[in-house]
């Protein structure tokens, strides 16, 4: 198959991945604001979408990590990248359907590494770079966000005792919206970059760009738009788990959690660490729960989430490996992977239509929860 | 295989410092607002905005 055609297919698939990433991750930024009633779900996702778009333009460090480091661009082809992407999308859709906040980023890395490994051999992967820029930050960043969120929550709750409860309730709702906006912005600086990195990598492997190049402007714009659109259209299902399942969240606590999450992601993006914004956000929420009340975290839910996190790399890696191997075998392979990938995607989408979680459902449950908070205060 | 621990420490330090400064200023602002002290309240909120903008400027430029 004409390499240029494969590159076009990769670009389209990468943008679809970016869209599902936004779809998946609306929850991270807006879950706490929606759960405390600080923002209406529709407003929250619209705001988040715009800020993701803006964030995509702020930095290209993470894109460079992906296009210029974790795999050897001389040893892989656009077809292999295509296989890796399909693996990532499959895993993203399955976890989305089940309501598990797994990491789109780790799905992408898993898919790409699996595909490159099986199709081109173990030499095609720069494991040192993977460990330094992906694996270690994957563990450290959520811990940093959690620890800082716990400290911030303790500070906030100590200091706010002297404040008028009505003023502080309204005040923290505003603060929460501001900090949620920062999380969305931070999300754009890290997650939109991953798609840019993949497209840039495909362009480099096909010879359209020189090795070591940053993403061209059209790549930045289209990746930003795809993630923004995905954010706007999706995410109710996961918002459900994140906002309510993990721990009960008050506005002051949401504010502390999100401020630390946003800062941790922004600082990491600046250094080119390609991390999972999902994991960092969960770390922030957990840490703030601990800061408020040592017994306030539902460890059972946390355990299930952590299991999903651990599964992501190998699961997406396996699907990516199969798809990458087949796609790199020639035209039939690329077409076959595309057909199966589309069929599974449509299947899951149809299944999800059977029992849709609409924004209205979440509003009702949030209202009920807000009542409890008022009584408790 | 080298892990850049200094960079990770920077992430931790920057996150801790920026977060604690922003939330402290914000709570102080809310406390001032509760006591109807408008000027210190707005000064605190402006401080928060300044810290955030400074952080973003570090990333962009």
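Here, residue 1 is simply the first one shown, and the rest follow in order.
Yeah, the Cβs are placed from backbone N, Cα and C, and that goes for glycine too.
Please treat TrEMBL annotations as automatic predictions, because they have not gone through curation.
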For the transmembrane segment entry in TrEMBL, name the matching range from A:27-43, A:44-60. A:44-60
For the transmembrane segment (A:306-327) and the transmembrane segment (A:6-23), check the count of CB pairs under 8 Å (sequence separation 6 or more) and say whether it reaches 3 or more. no
The transmembrane segment (A:6-23) touching the transmembrane segment (A:218-236) per 3+ Cβ pairs under 8 Å rule: yes
